[in-house]
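Participant: Structure in structure tokens, see below.
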């Protein structure tokens, strides 16, 4: 059978690098052929972080960063192909998520904005690019997120198996696969790694809390945890999605101001529990029991996984590797899949998940010619 190669490009709210994956969709299940992470240079990272906070001269900075991120994504593709020695002519298309700088679907005129110019990626790689996956769903009245549940349904669903796929990036999202004729559901639960990363970066200048060791050295403060969990987002009904617009460093500092007597490691433990409790609450609303499979960076945080297991005794807990998909690359593979769906003219959103008025083919194609 002829190979069906697609590349997926993903940089999430954590901004911890550009993940690039080469995937073969010629078989029944996606096959990861090669993977590569391109580090985001510090000057570009600072520019992106500034752009995520309202300030002046945003249009000029947006235009420059759009090109810069496109160049970085193209570099990730070219390095990926060099690593696996596959010619660009063998790749049908690149699916590029881009870098989200605003996600505000709940305004009167909702919008989402990802940068990373697909024209630049196509020009510098010589491969057609499919990008801008979220805005069609928003145009149809949806949240534009999460988009991965349709991929999860096709890849992980099994009749008779009640499964939840939990993706923990900067933001955490879940996909509920009921294992019967009931609707697949999915939504953002709230912060994933974004606040625990922000706090350790601020206090210790470390990029992330490796294996949750710093959180494990602290003790959760119940008063602070209760206050954090009182954020209105956690009581919203789905479909719902969120991002740095709600859960960011400014919000965190505001929440911490009455708790400045706490030790720094106790705050880290409490922030980790915010992630775990918000996830567990939403899961228990869907079902008290089932199979839980975790992907994304959070799957590699042992303390996070331990705390989830305690909060969810009715669930078996594994990473998606138990289902044949490497948890580190699952989201990149999903965007390669979204590119394939666009190429084949097939819908890729789930209206029950996003709230869109109908299914739709997502993304636009940017030719390398």
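Note: Cβ is positioned from N, Cα and C throughout, glycine not excepted.
Pulled these features from Swiss-Prot for this protein:
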BINDING   12, 13, 14, 15, 16, 17, 18, 19  ATP binding site
Participant: Within 8 Å of the centroid of the Cβ atoms of 12, 13, 14, 15, 16, 17, 18, 19, which other residues of that chain place their own Cβ, given that this set defines the recorded ATP site?
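Facilitator: Nearby residues not in the site list: 10, 11, 40, 169, 170.
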Participant: In three-state terms from DSSP, label residue 18 (ATP binding site) for me.
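Facilitator: Note: residue 18 (ATP binding site) is in a strand by DSSP.
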Participant: Between 16, 19, which of the binding-site residues has the fewest other CB atoms within 10 angstroms in the structure shown?
Facilitator: 16
Participant: Using a 10 angstroms cut-off on Cβ to Cβ distances, just flag whichever of 15, 18 is the loneliest among these binding-site residues.
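Facilitator: The binding-site residues 15, 18 were compared, and 15 has the fewest Cβ atoms within 10 Å.
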Participant: Long-range neighbours only, meaning 6 or more apart in sequence with Cβ under 8 Å: which ones does residue 12 (ATP binding site) have?
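Facilitator: Looking at Cβ-Cβ distances below 8 Å from residue 12 (ATP binding site), excluding near sequence neighbours, one finds 100, 169, 170, 171, 296, 331.
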Participant: So if I draw a 10 Å sphere around the Cβ of residue 17 (ATP binding site), how many other Cβ atoms end up inside it?
Facilitator: 18
